[in-house]
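Engineer: This is the structure, below, for whatever I ask next.
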C-alpha cells in the first residue's frame, strides 16, 4: 500500500510540476502592460514613462491608466480626468463608479465608497489619470477580503458526478468490507488478518488512478491547445469546452477582420463631402485617451489618399473621452494664430464630436445646409433623412458613425462644463466603415455546428449590420432581437426569446451577462463566451468557458479561462475536439475501473463466503491491484472513436450507475466460473491447495481486468473492428505478461504462489472468449436501449 501511495503521489507531483512549468512558460505570452512613471539617471534625476507588466508594479510607483486597464494594486489617485471605474469584482454589482483625485474623504466614509482610492482588480471603464500605488499583492484590500471570506466556484456537472460516485463507492465499500471482515474473522478468528484483508479489498475497490488519469488527460489537452496557439489558464476549462453546446461570440474581430476601412463620408443629404472627412480626421488625430480601430482607419484613409488637412495648424485644448454610456468622444481644438490675435479676449475654438449616430444626433440642434453652408435648425425631416441613409448603409454591411462640430466663442480664463461643451452642435454628416468578414469564420462556424455547438452573436453594434455580417458567415438570422427590445420583456418571455434568438444586437454589458446567465440556468446549457473588450468582462466571468485574445483589454484577459494568441475560430474547433477527447478518455477510465473493481470485489465476497477462506491474501490482492493500475496509465493516450466526440459530452447522473449495473455482472459471472472450475476440475478446495488456487485466481482476475479495458473502451468488437492505441496495447500486453509470469518467478514464491499447469491457460482462453461474447451481446442490447455506449 505504501508503494502504491508513493507511486501515485510521485506521478501526480511530476505531472502537476510539469504542467506548472509549461503554464509558467505559456503565461509569458500573456502580458498586461501598465504605464509607470520611473526615475532615470544617477546624477540628474528625470522622470520617464515606461511600460512594465502589472506583476512588476511595486508600492511607490506612479501609474498612468486609461480605459481597459486593471489596477495592479490599491491606488491613491493623483490626477483624474472623467474617470469611471467598475468595481464589480469586489461588490458583485454591474454598475460603475465615478472617481476623482480632487476630494478629501472623511474617515467615516465606507472603504468602497472612497472617491480618491481605486482597488486592485477593479478596472477603468472610461477616463484617465495617474495614481500612487500604496499596496500590492497580499496587502491589498481584495487579497485580505478573499483570505478572510474565501471564494469557491460551484462544482460543474463533472465535479458533482465524481463526488456522487465517490459517495456511492464509499457506501458500497463499507457494506462489502464489513461482510468480508466478519466472514474472515468467524472463519480464522484472527482479527488483525481479517481487518488487513478488508482494507485490501477496500483498496482494490477504489479507483486510485483517477487523479492521475484526470490530470494527465487535462494536461495533454492543454499542451495540444498550446500547439494551436492557445493559453489555458485553468485546466478544467478544457473539459468544459468538450461539454460546451452554445458559443456566444462578439461580431467585431471574431467574425470580421477587425481592420475597418472607410467606404464613404457623406453629408446629411447623402452626398460625398470632404469637410466631414476633415473634421472626423481632426477628432481621430487629436484623440489621445485610447485609440480604436476606427481611428486608425480614418488616419490611414486620409494619408493614403493624399488629403492635406494640415493638423499642425491646429492645437488640442481638451478632450472628453469615450465611455460606454455616452458612446461618443469629443476634442476641443483651436486654430494656431499669430501673436496679435492672442491678445484678443475671446478665442475661437471648435468642438469636434464623433460616435454612435443616435448619441451624436441627440446633442445636435443645427444642421449645415447643402447650399452655401448655411446653418439652420435641425428638423424632424432632416433627422428622418439621416436615419434612413444610415439604415441603408447598415443594410449594406457598413458601420456608420455620426460627426458634429461647434464653434466656441471662448473667453480667456473661463471654464466650461462638459455638458455645455457637448450641446447645440452642428450635425455635419456620416462616415461609413466596412469590416470584411474573415475567410475562416464561415468554415469554423460550420465545423462547430457539426459538432453540436450552436453560435449566438452578442454585439453592441446595430441589428442591421449584425444581420448582414451573420448572413455572410452562414449564421441563421430568422430569430433576432435588440437590447432595448429585451428590456421590455417579462422574465418568462426574456428566457424564451434568448433561447430562440441567434443574433442579439445593441446589447449593453449587463444585458450580455443576463443572456449568458439565462442560457446557463433556464436553458441548462454549457456556455462559452468569446470576447475581447471591456464591455465583455461581465459575460466572460459568468460563462462556463471564458475565451479572450492576447490583444484584448487586460480586464477581459484577466476574466478569461482561455486566451487565444490568434483571433481565429478554427482554434476553438481544435479546443472543442481536445475537450471531448479529454472527457471521453476520463469517462472511459471511470467506467472501466469501477466495473472491473466492483465485479472483482463481488467475486471475492462470494468466494470468501463459498470457500470460508480468503481467495487472495492481502498482499496478493494489493499486488494484483497495483499491476492493474499500472496497466491503466496509458488510457489518456488512447484513441477515441469519432462518434464519441461528435456531440457535446456531459456527465449523466443516472447514466453511470445504469452502465455499471449492466456490465458488472458479466465480470462477476466470469470470476465465479473460475471459482467453480478450480473447485470441481482441480478440486482446489483443501488447505494444501490454496497456493495453487490463489495463483490461478490471481492470474485470472488480473487478465480479466486487463481485458475489460479493451471491451469497454469501444462500442465496436475489440481487436476486430477497433484496436486500441499502441500505448494501450503495449501497456496491457506488458502487464498481462508480468501477471502470467509471476507464479513461476521468485516473486511468486514470496507471494506464496504455486506454478500453474498448461491446461489452466486453455480454460482461460475459453473463458475469455465466452466473456467477450457475452460482453458484446450485453453491449449491443445496451446500445439499442440507450442509444449510446460511453
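Using the three backbone atoms N, Cα and C, a Cβ is placed for every residue, glycine included.
Not my notes, these are from TrEMBL:
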DOMAIN    42-147  domain 'P-type ATPase A'
DOMAIN    614-781  domain 'Cation-transporting P-type ATPase C-terminal'
TRANSMEM  165-188  transmembrane segment
TRANSMEM  194-219  transmembrane segment
TRANSMEM  589-609  transmembrane segment
TRANSMEM  692-712  transmembrane segment
TRANSMEM  724-746  transmembrane segment
TRANSMEM  758-778  transmembrane segment
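Please go over these features one by one and say how buried each is and what sits next to it.
Structural biologist: Beyond the transmembrane segment (589-609), the same-chain residues lying 6 or more positions past its ends with a Cβ under 8 Å from any Cβ of the stretch are 162, 165, 169, 172, 176, 179-180, 183-184, 201, 204-207, 209-210, 213, 615-616, 621, 628, 632, 635, 656, 659-660, 663-668, 671-672, 675, 697, 701, 704-705, 708-709, 712-713, 790.
If you look at the transmembrane segment (724-746), the same-chain residues 6 or more away from its ends with a CB under 8 A from one of its CBs are 623-624, 627-628, 630-635, 637-639, 695, 698-699, 702-703, 706, 709-710, 713-714, 718, 753-756, 761.
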Engineer: Might you confirm whether the transmembrane segment (165-188) is in contact with the transmembrane segment (194-219), defined here as three or more C-beta pairs under 8 A between residues 6 or more apart in sequence?
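Structural biologist: Contact between the transmembrane segment (194-219) and the transmembrane segment (165-188): present.
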Engineer: With DSSP as the yardstick, break the domain 'P-type ATPase A' (42-147) down into helix, strand and coil residue counts.
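Structural biologist: Here the numbers are 20 helix, 45 strand, 41 coil.
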Engineer: Can you work out the mean pLDDT of the predicted model over the domain 'P-type ATPase A' (42-147)?
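Structural biologist: Value for the domain 'P-type ATPase A' (42-147), mean pLDDT as a whole number: 81.
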